[in-house]
Amino acid sequence: MTRLVNLVGPPVDDSASPMAEKFFQLGRVRIFPVAQSSFKTDASGGQEEFQELAMEAVIPGYWLLPYFFATFSMLYLFGYFLIFHKWNRKYRPEASSCFISLFHGTPAVFMAVLALRNEPIQGFASANTNFQNVVLDFSIGYFQVDLLHYLILLPGDYLFIAHHLATLFVFVTCRYLVAHGAFSLLVLLVLAEVTSACQNVWTLAGLRKGESVSAAKIYKILSPPFYTLYTLMRGLVGPVFFCRMSVYYLSGKATDEIPIWVSAAWIIVVGAAILVSILWIFNLWLEFFRVKENGEKKNS
């Protein structure tokens, strides 16, 4: 059963009307799932003692998404018109995209890890906490801005547009529709963004390697460690976690919290993203060894 506990007053009776329960969910209560057998009544005061399970579902009455969207928008414009204003106009959009990604990837990793560490119970269908929702809003704001970047300046990049739309679908449904499952998505977010800083510097260097000797050196130095870390995260750890997540959702154990069509959509989106990532890094490795082999032939 579920017991509603008012943050500023006595416990709310479990027999409260659905309308009252809905009202209390708007940020004024914490919802604690409790075991029916854990209630006791002593003879003196008739007080109830209940054992709170280690899961707390908080549905906040506020959200920070507009602020995150505005922040990433300003960062993009700052990068495009100031940081990269001397760059070739052909590369300025992608460079500005990398610039805002630098402000999303690594901070998102630290925020997600902190949110996961502070989660009382870590489960594929556990309810989102306040801080987990903040991390989701942070990432949603970033992907919205980067999606606009592609739609306006690079409308022919269908793969990234599809990726961002799919990612937004997963984050938005988790954050605003089902309010459960953030644990799964934040773990995947950490695995995806832990390579972000290296990847963005590598990409920026790659854009300039034909015009700058220093950029070419940075690109060459970063390629092996970046490829290795990316392969480890996206090609090994990520798929293992994805398989565990998929088995759990497909078993039907999460249907009370997450509708099966939502979890199935998450599986399809995440699975496709992992597959594309593996193909991408595989092609990079092929190119890396091809260039290395050609260089050895020239030197011999």
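Positions of Cβ are set from backbone N, Cα and C atoms, glycine also.
Note that TrEMBL annotation is computational and uncurated.
Residues annotated as transmembrane segment in TrEMBL: 62-83, 95-116, 158-178, 185-207, 227-251, 258-282. Taken from TrEMBL, the feature domain 'TLC' covers 90-293.
Looking at 158-178, 185-207, 227-251, 258-282, the range that has the most CB pairs within less than 8 A of the transmembrane segment (95-116) turns out to be 185-207. Ranked by number of Cβ pairs under 8 Å to the transmembrane segment (185-207), the listed stretches 158-178, 227-251, 258-282 are led by 227-251.
For the domain 'TLC' (90-293), the model gives a mean pLDDT of 95.
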